[in-house]
Amino acid sequence: MLNLISNPINFYNQYDLTIQSPASGISLKGSLAIPGDKSVSHRALMFGALAQGETRIQGLLLGEDVISTANCLRSLGIQISDLTAETVLVQGEGLEQLQEPLDVLDAGNSGTTMRLILGILSAQSNRFFTITGDRSLRSRPMSRVIKPLTEMGAEIWGRNNNNLAPLAIKGQKLKPIHYFSPVASAQVKSCLLLTGLMTAGKTTVTEPALSRDHSERMLKAFGADITTDSETNSVTITGGNTLQGQSVIVPGDISSAAFWLVAASIIPDSELILTNVGINPTRIGILDVLGKMGANITIENQKIVAGEPIADLRVRYSPLQGCEIAGELTVRSIDEIPIIVVAAALAQGTTIIKDAAELRVKECDRLSVMATQLSRMGAKIIEHPDGLEIQGGHPLSGTEVSSYDDHRIAMSLTIAALQASATTLIKDATAANISYPNFFDSLQQVCHL
Ligand code: S3P
């Protein structure tokens, strides 16, 4: 039995975390069940709400973003059972049966909640809705969905020339379009597929690179008339087909597993097994990036569960080298770039990340925040408009850094702090609860001297 170290990881107050580098270093050992996939969890709740009959969800992520989706749907008249239960039940009301809420819907910090729900609300004829979010979400661009929705006939108003929340929506009968999205975004694609589901005729979305395809897979399983064309990265939905409630098993979130994949790769003598992780091809850019960097990761016990491929991932320490990440590889690893920056800072040689300007409009400007916060710890990072150049191999030392209230930054800086000398204070580390409620407990569990 390995010993838990004399606690180098401590909450300094309700929000901030200190990580003290132990004199003899740590290693990570053991097995972790990765919490449910955030993207799949949002969709299971929303599609369940629009289906006829009951949807049973196992493994739903209990992160704050998913709770925001459940709260919005409840305000729209959908019955959803206790989210902490092993199986969560959603009583679907059908495609256009949502109630007009008495108050403003609150999407919290969640871009997926706001953008996908806008697609649903726009098509609820003769009802009026308002939606807002936290400070971060109120500064994120919504015109990327409002523009095509408006082309379909939707009526949506917001600040900054109908771009920023709070937003007001007057539900309408809409007309189908073929939308050529300028960004590869699963939120844009899914928003329009949801609107297309409730609009007579064929709605098509074509994207410049294939974004995550959970909506396509799950809508098909719920009975939607949906076809994909992999040559042109297009998906077409024919409106009007009712959805039928389903049993959904949510795989572990590879974006959450990514923190452990990098942590065990960079901390000598580590070995972790991460169980039941979703390995949907549109999501495994992190495995390809770490493969290029020389990581030692094996994929075990592969199977298909409820339409999504899953596996156990075994990761062992291995010295990493820098690499280049660009194009569709950036799209497939977009949420993992913050933790990839940590891997790159501790790798030998230079890592170049390109085509990642989308990171500037996430929960914070992730390019700028990762560059400034890791540089404070001693990393050498040059910021470019659409990416970063990281000169690896410079030792990190602890100091005060901030998550900027962004869950993925909080967890990335925590992993960096495990390899830093002295003590790191991470302000607002509890932002991790947005996507990984027990992250710090799991860290304690696998951290050994
Ligand atoms: C998501 C899509 C991605 C991703 C986000 C979740 C989804 O955003 O970054 O964390 O569930 O559809 P974009 O659609 O903006 O690329």
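Every residue, even glycine, has its Cβ placed from backbone N, Cα and C.
These figures come from a predicted structure and were not determined experimentally.
Feature list (source: TrEMBL):
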{"type": "ACT_SITE", "residues": "D335", "note": "active site, proton acceptor"}
{"type": "BINDING", "residues": "K38, S39, R43, S185, Q187, D335, K362", "note": "3-phosphoshikimate binding site"}
{"type": "BINDING", "residues": "K38, G111, R140, Q187, R366, R408", "note": "phosphoenolpyruvate binding site"}
{"type": "DOMAIN", "residues": "27-443", "note": "domain 'Enolpyruvate transferase'"}
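R408 (phosphoenolpyruvate binding site) is surrounded by 29 other CB atoms, counting those within 10 A of its CB over all protein chains shown. Here the candidates are the recorded positions G111, D335, R366, R408, and by Cα distance the one nearest Q187 (3-phosphoshikimate binding site) turns out to be G111.
Take the CB of G111 (phosphoenolpyruvate binding site) and look out to 10 A: across all protein chains shown you find 21 other CB atoms. By the rule that a residue counts when its Cβ sits under 6 Å from some atom of ligand 1, the recorded positions R43, R140, Q187, D335, R366 yield Q187, D335. Of all the binding-site residues listed (S39, Q187), Q187 has the fewest other CB atoms within 10 A of its CB.
Per Cα geometry, R408 is the residue among the binding-site residues K38, R140, S185, R408 nearest to the residue listed as 'active site, proton acceptor'.
The Cβ of K362 (3-phosphoshikimate binding site) has 20 neighbouring Cβ atoms from other residues within 10 Å, across all protein chains displayed. Note on the binding-site residues K38, R43, R140, R366: the fewest other CB atoms within 10 A surround the CB of R140. Cα-Cα distances to G111 (phosphoenolpyruvate binding site) place K362 within 10 Å, out of the binding-site residues K38, S39, S185, K362. Note: the CA-CA distance between K38 (3-phosphoshikimate binding site) and R408 (phosphoenolpyruvate binding site) rounds to 13 Å. Here the candidates are the binding-site residues S39, R43, S185, K362, and by Cα distance the one nearest R408 (phosphoenolpyruvate binding site) turns out to be K362. Spanning the listed phosphoenolpyruvate site, residues K38, G111, R140, Q187, R366, R408 have a farthest Cα to Cα distance of 19 Å. Take the CB of D335 (active site, proton acceptor) and look out to 10 A: across all protein chains shown you find 24 other CB atoms. All chains included, 22 other C-beta atoms sit within 10 angstroms of the C-beta of S185 (3-phosphoshikimate binding site). Recorded residues S39 (3-phosphoshikimate binding site) and R140 (phosphoenolpyruvate binding site) have their alpha carbons 18 Å apart, per Cα-Cα distance.
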